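Q: Found this in Swiss-Prot, in case it helps:
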| type | residues | note |
| --- | --- | --- |
| BINDING | Arg101, Asp102, Glu117, Arg118, Ser153, Ser154, Asp171 | S-adenosyl-L-methionine binding site |
Amino acid sequence: MQICLMDETGATDGALSVLAARWGLEHDEDNPMALVLTPQHLELRKRDEPKLGGIFVDFVGGAMAHRRKFGGGRGEAVAKAVGIKGDYLPDVVDATAGLGRDAFVLASVGCRVRMLERNPVVAALLDDGLTRGYADADIGGWLQERLQLIHASSLTALTDITPRPQVVYLDPMFPHRQKSALVKKEMRVFQSLVGPDLDADGLLEPARQLATKRVVVKRPDYAPPLADVATPNAIVTKGHRFDIYAGTPLTE
């Protein structure tokens, strides 16, 4: 995959070359998207819209830390949707990891989550965030136990994953209508890189075959159900709904 690669660390240790080789990235000087190694983190920038700033994964500070400390925890809609109740903390495969926010929420309340991400740039951002998170004295211990990254396409990986999870979570990219500054900024940068998930409909059936309990699909409230498969089971929040489908129980 071609992208502009930039190193702003001032170091001469070849870290950017190692990163490019690991994720299969080629430097393209004229690419409007840039992956930038800064002294703090790895970030994605849209070079023709510098005011949008950089997108990076931060599990330790910022909005994620605030959500972990002061958010709804088990009361969050995503936690309810995957079926967390009492001592039941399902094993989850997040098949469309993105920036890892929902996966982190589930991990922070006790679920083991395997994140799948096929885009190498997004996977590199997630890996950078995980590396910093794993090293953090406060959250590193449980984060290493509960949150892992698998760089692979969900369309193929969903048939290969073992052991089978109880829940598969899907949040395919869908064009956003909201005008909120955060969504606008992040989605403009993000969609410029990955575009809409045009093949997302193909995820529902393999997800249902893989999950032993349920599949949860997050959709904007104005979006049709994934693959046009309606379900009476949904958790509705402001602006979104979590459609819930039955999985395929383990056979004895």
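Including glycine, each Cβ sits where the backbone N, Cα and C put it.
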Q: Listed S-adenosyl-L-methionine-binding residues Arg101, Asp102, Glu117, Arg118, Ser153, Ser154, Asp171 - what's their greatest C-alpha to C-alpha distance in Å?
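A: 19 Å is the greatest Cα spacing among the residues binding S-adenosyl-L-methionine.
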Q: Quick check: in three-state DSSP terms, what is Glu117 (S-adenosyl-L-methionine binding site)?
A: strand
Q: Taking the Cβ of Ser153 (S-adenosyl-L-methionine binding site) as the centre, count every other Cβ atom within 10 Å, in any protein chain shown.
A: 14
Q: Within the chain of Arg101 (S-adenosyl-L-methionine binding site), which residues six or more apart in sequence place their C-beta under 8 angstroms from its C-beta?
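A: Correct list: Met64, Arg67.
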Q: What is the number of other Cβ atoms found within 10 Å of the Cβ of Ser154 (S-adenosyl-L-methionine binding site)?
A: 28
Q: Out of Asp102, Glu117, Asp171, which of these binding-site residues shows the lowest number of other CB atoms within 10 Å of its CB?
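A: Per-residue Cβ counts within 10 Å for the binding-site residues Asp102, Glu117, Asp171 bottom out at Asp171.
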